Each structure stands twice: as C-alpha cells, then as structure tokens.
C-alpha cells in the first residue's frame, strides 16, 4: 500500500458490549496521540512498525476501555483519520486462508536441511579418513 491514509478501526467484543478497542494506524509521526482521557480509558504511546518487506514504516496506537460511552471518534478526533465502516464483521476464517503455508516452500526448506545434513556427513567422513591416514 503506497501512502496509506490514517485510519481508526473500532473493535468490539461480541460477548461483552462494554469492551471496546480502537486501533489507530498509518498516521504521520508529527501527530500527537493523546495520553489519557478519563479514568478507565487506556491509550498506548505511538509505536513504529518497520515493514522491511515493503521498505516502509507505519505508526500505530491503541486505545481501549470498558465503559459503554467509549468511542474511537472521541479519542482520535484531532487526527483527521478516516473511520472505516464497522458494518463489516471481522471473520477469522477469512484471514486463515492468507496464512496457509506453501507446499513448495516447505519442500524446499526440507531439501535444504537434507543437503546440509549430507554435507555435514561428507565433511565429517573426510575429516575422519584424513586423520586415519595421518595416524598410519
């Protein structure tokens, strides 16, 4: 994702209507994240996520509370962030497919391990034969 816009995601616990968590991502490092709002609301300092595969960095902060009146818009209102629709449910079964392992990659890793073991055995055998030749 090139030049992502700052966004705030609100996550709610389906079993408890009191627990709410806000994830604030992709904001500029000059934006000041509020430290505390009220008792019962916890806000982390901003954290830099270094994504070396994409050669980019992303800032993130988390706020959570057990109060029913807690909303993400109140916490991060000065940040000019977008608030994606909360109508889309977070389904863990949809994300599992992207985390499946690749069979070819597993086979290649196994092949490399086998070749390393074979190389170690050959080097050990050569060393043993060389020492035996020197001793006689």
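Just so you know, glycine gets a Cβ as well, placed from its N, Cα and C.
Under the heading disulfide bond, Swiss-Prot lists 22-72, citing similarity to another entry as support. Under the three-state DSSP scheme, residue 22 (disulfide bond) falls in the strand class.
Around residue 66 (N-linked glycosylation site), the same-chain residues at least 6 positions away in sequence with a Cβ under 8 Å from its Cβ are 18, 19, 40. What Swiss-Prot lists as N-linked glycosylation site is 66 (among others).
Summarising the annotation, Swiss-Prot assigns N-linked glycosylation site to 80 (among others) and lists sequence analysis as the type of evidence.
Neighbour count (other Cβ atoms within 10 Å of the Cβ, all protein chains): 12 for residue 109 (N-linked glycosylation site). Per Swiss-Prot, the feature N-linked glycosylation site maps to 109 (among others); the stated evidence is sequence analysis.
Taken from Swiss-Prot, the feature region 'Connecting peptide' covers 90-111, and the record attributes it to similarity to another entry.
Per Swiss-Prot, the feature transmembrane segment maps to 111-131; the stated evidence is sequence analysis.
Panel annotation: around the transmembrane segment (111-131), no residue of the same chain lying at least six beyond its termini places a Cβ under 8 Å from a Cβ of the stretch (none). Cα of residue 109 (N-linked glycosylation site) to Cα of residue 72 (disulfide bond): a span of 44 Å.
Within 10 Å of the C-beta atom of residue 72 (disulfide bond) sit 20 other C-beta atoms, taking all shown protein chains into account.
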